[in-house]
Amino acid sequence: MHLCIDWGNTRVKAAFFQEQTLVADYNFSEEEALTGLMALVAEKQPKAVILCSVANHPPELKILLQEQAPLVVLSSNTNLPIMNAYHSPDSLGMDRLAIAVGANAAYPDRNNLVVSVGTAITYNFVHQNKAFRGGSISPGLQLRFRALHEFTDKLPLVSETGDTPILGYDTETSIRSGVMLGIAAEIDGMINYYKEQYSGLNVVLTGGNAGLFAGKLKNQIFADSQLLLKGLNTILRHNVR
Ligand SMILES: Nc1ncnc2c1ncn2[C@@H]1O[C@H](COP(=O)(O)OP(=O)(O)O)[C@@H](O)[C@H]1O
Ligand SMILES: CC(C)(COP(=O)(O)O)[C@@H](O)C(=O)NCCC(=O)O
């Protein structure tokens with residue numbers, strides 16, 4: 001079995017794959033992740049591990065993993081089944097590259113746009129010629145709620161749960177309207193930009209908050225909450241065979 005680890009800015013996700021099949025997945029807080037992951041490795045003894053991190057994971061993580069199994073740490077130097085045409089590959093978030101690989105593997109020979117709704121919202125375009133071309137980064141759901149609260153004197157901290165009218169009728173619903181419907185409108189607007197440029201665009205929605213928006217978009221999308229982990233498995237198989 002292969003173990004794939006996605007260390008994000010809010011949550012740490014992991015999955016075991018048997019060949020191309022995801023057999024078990026896990027979701028940890030940052031605090032519980034190191035212990036949780038090492039317990040999984042001890043129990044399941046994976047043949048190889050891949051780590052994709054965009055956050056400050058504990059420095060001992062790589063050493064501990066390496067002691068247990070061959071480890072691929074995803075970087076701009078890792079061999080990939082797609083090309084990376086980003087102009088600053090060393091500053092690219094490796095999670096963005098992993099979802100690009102995941103989309104290209106699931107929908108080959110298509111112009112793929114992957115929208116990941118996590119801590120940040122990222123838009124990631126992979127041309128049908130297999131080149132990752134980049135996209136956009138914008139603030140995610142919690143970032144928007146927190147920014148309104150933390151950078152103003154009067155606005156409360158609101159969450160996604162509750163009435164979300166287009167026409168907010170009080171402070172709470174006005175904020176929820178702006179954040180939730182604003183994100184949905186942003187995603188639809190971005191998809192429309194790409195549709196104007198690229199024929200046969202295929203759109204995949206992923207990330208921890210994707211489920212809040214999948215049914216609210218005007219454009220047709222595929223939702224896949226495990227796209228990043230699947231992309232990591234594809235990269236690992238590309239490197240350890
Ligand atoms: N099991 C869960 N525990 C906590 N948050 C979750 C869970 N599932 C989804 N979420 C939501 O997903 C968000 C994180 O999305 P994710 O794509 O994992 O972000 P990142 O990759 O930036 O860490 C959280 O802000 C939360 O709203
Ligand atoms: C944009 C991100 C913060 C998204 O991270 P996430 O929300 O998935 O935790 C991450 O991909 C990142 O740190 N990117 C570096 C800048 C870039 O991709 O150009």
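The backbone N, Cα and C atoms fix where each Cβ goes, glycine too.
The structure displayed is predicted, hence computed values, not measured ones.
What TrEMBL annotates here:
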ACT_SITE  ASP95  active site, proton acceptor
BINDING   ASP6, TRP7, GLY8, ASN9, THR10, ARG11, VAL12, LYS13, THR119  ATP binding site
BINDING   TYR86, GLY93, MET94, ASP95, ARG96, THR171  substrate binding site
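Location within the structure of each feature annotated in TrEMBL.
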residue	record	Cβ contacts under 8 Å, 6 or more apart
ASP6	ATP binding site	VAL12, LYS13, ALA14, CYS52, ASP95, ALA98, LEU228, LEU229, LEU232
GLY8	ATP binding site	VAL54, ALA55, ASP95, GLY118, THR119, GLY208
THR10	ATP binding site	GLU30, GLY118, THR119, GLN142, GLY208
TYR86	substrate binding site	LEU92, PHE132, ARG133, GLY134
GLY93	substrate binding site	VAL54, THR122
MET94	substrate binding site	CYS52, SER53, VAL54, LEU74, SER75
ARG96	substrate binding site	SER116, THR122, ASN124, PHE132, GLY135
Recorded positions compared (ASP95, THR119, THR171) - highest count of Cβ atoms within 10 Å: ASP95
Check: same-chain CB within 8 A of ATP site center, minus ASP6, TRP7, GLY8, ASN9, THR10, ARG11, VAL12, LYS13, THR119: GLU30, VAL54, ALA55, ASP95, GLY118, GLY208
ASP6 (ATP binding site) - helix vs strand vs coil (DSSP): strand
Cβ under 6 Å from ligand 2: qualifying binding-site residues of ASP6, GLY8, VAL12, MET94: GLY8
Listed binding-site residues with Cβ under 6 Å from ligand 1, out of GLY8, GLY93, THR119, THR171: GLY8, THR119
Cβ neighbour count within 10 Å of VAL12 (ATP binding site): 23
Cα-Cα distance maximum in Å, computed over every pair in TYR86, GLY93, MET94, ASP95, ARG96, THR171 that the record assigns to substrate: 41
DSSP state at VAL12 (ATP binding site), helix/strand/coil: strand
